[in-house]
Amino acid sequence: KEGYPVDWGNCKYECMSDEYCKDLCADRKATSGYCYKLNWSCYCKGLPDDSPIKTPGKCRSGR
């Protein structure tokens, strides 16, 4: 699957570089990833089915 990877609070990972997102996506066993610059968020392709991605609803930050 593909989508924006999220943390425990359904918050996307902000980015400024593709390199950061490639590493983040690789850590989640995705085949590729990049920084989607229109909203400055990491986007992964080829994620395992059990990997959490952004769902509708608010980000519950508490970082």
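Glycine too: its Cβ is placed from the backbone N, Cα and C atoms.
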Review point. When you check Swiss-Prot, which of CYS21, CYS25 turns out to share a disulphide bond with CYS42?
Key: CYS21
Practice item. Could you check what DSSP calls CYS25 (disulfide bond) once collapsed to helix, strand or coil? Key: helix
Exercise for review: Over the span of the domain 'LCN-type CS-alpha/beta' (1-60), count residues by DSSP class, listing helix, strand and coil in order.
Suggested key: 10 helix, 16 strand, 34 coil
